[in-house]
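As recorded in Swiss-Prot, the features of this protein are as follows:
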- 11-31: transmembrane segment (TRANSMEM)
- 62-82: transmembrane segment (TRANSMEM)
- 116-195: domain 'Cytochrome c 1' (DOMAIN)
- CYS129, CYS132, HIS133, MET264: heme c 1 binding site (BINDING)
- MET174, CYS219, CYS222, HIS223: heme c 2 binding site (BINDING)
- 205-288: domain 'Cytochrome c 2' (DOMAIN)
Amino acid sequence: MDFLNDHINVFGLIAALVILVLTIYESSSLIKEMRDSKSQGELMENGHLIDGIGEFANNVPVGWIASFMCTIVWAFWYFFFGYPLNSFSQIGQYNEEVKAHNQKFEAKWKNLGQKELVDMGQGIFLVHCSQCHGITAEGLHGSAQNLVRWGKEEGIMDTIKHGSKGMDYLAGEMPAMELDEKDAKAIASYVMAEISSVKKTKNPQLIDKGKELFESMGCTGCHGNDGKGLQENQVFAADLTAYGTENFLRNILTHGKKGNIGHMPSFKYKNFSDLQVKALAEFIQSLKPLED
């Protein structure tokens, strides 16, 4: 009898019993009337008359009127008092439950070390990301982003070489730039060391040259001198200050991203917690690209 603990089930059971009783009552009344009553009353003027059978000018039965009135009253109660419009949705309930779970999840795992974060991120990657990016995260021969290189200098070099479909920024798609590998590496070194919050590069000797190229090759035209991609307080291009960080990854997970093959959908519906996004970012950063 656990189902009686839910007031909706109780309400439905009572309503079903009421309907059953009324049905039995009305059915018995009609059967009795059909058996005992005689034709009487006035026929409607200009009413239907078929084979000598006419249509009486009777009033609407009391039972019908009562049914109509009860239905109207019930509908009014249902929409304005019982379950007001927009007061509840299954999606909203799901989101609230996930939010509560994420709070417990983060409280439980808030003191994870670096290795544990990477392990957690690997688990998230294998469940949600490996189908497109591959078990090795190398992008399945170009069908998806190579995450071994993404978020690092190698990822910037790939973007310079091949361009980027982007994330529906006002600047549109970024075209490929005609730069040799050395110049691309210099720009990547400058971005990772001076613009990105990562503040780290494997080639510190190329930072100054990278800055010159970043300004002279037109990168500032879209990304701005500070790399934030803002123009007139609008997001015009990718924010390079967040490149390689969990904030950049969170933006992609929230909005999705165009690719050369297909389109990465938004993962906003997954309701990843901040800790899960951080763990996934740590895992991606732990992947070591091969030297070109």
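The backbone N, Cα and C atoms fix where each Cβ goes, glycine too.
Values in this document were obtained by computation on a predicted structure and should not be read as measured data.
When every Cα pair among MET174, CYS219, CYS222, HIS223 is compared, the largest distance found for this heme c 2 site is 11 Å. Here HIS223 (heme c 2 binding site) comes close to GLY229, ALA237, ALA238, LEU240: these same-chain residues lie at least six apart in sequence, with C-beta atoms under 8 angstroms from its C-beta. HIS133 (heme c 1 binding site) and CYS219 (heme c 2 binding site) have their C-alpha atoms 28 Å apart, to the nearest angstrom. Taking the centroid of the Cβ atoms of CYS129, CYS132, HIS133, MET264 as the heme c 1 site, the other same-chain residues with Cβ within 8 Å of it are SER130, GLN131, ALA144, GLN145, LEU147. For MET174 (heme c 2 binding site), the nearest of the binding-site residues by C-alpha distance turns out to be MET264; the candidates were CYS129, CYS132, MET264. In the three-state DSSP classification, CYS129 (heme c 1 binding site) falls within coil. For the pair formed by CYS129 (heme c 1 binding site) and CYS222 (heme c 2 binding site), distance between Cα atoms is given as 30 Å, rounded to the nearest Å. Listed by sequence, the residues of this chain that lie at least six past the ends of the transmembrane segment (11-31) yet keep a Cβ under 8 A from its Cβ atoms are 4, 63. The most densely surrounded of the binding-site residues CYS132, MET174, CYS219 is CYS219 (count of other Cβ atoms within 10 A of its Cβ). According to DSSP, the secondary structure content of the domain 'Cytochrome c 2' (205-288) in residues is 46 helix, 8 strand, 30 coil.
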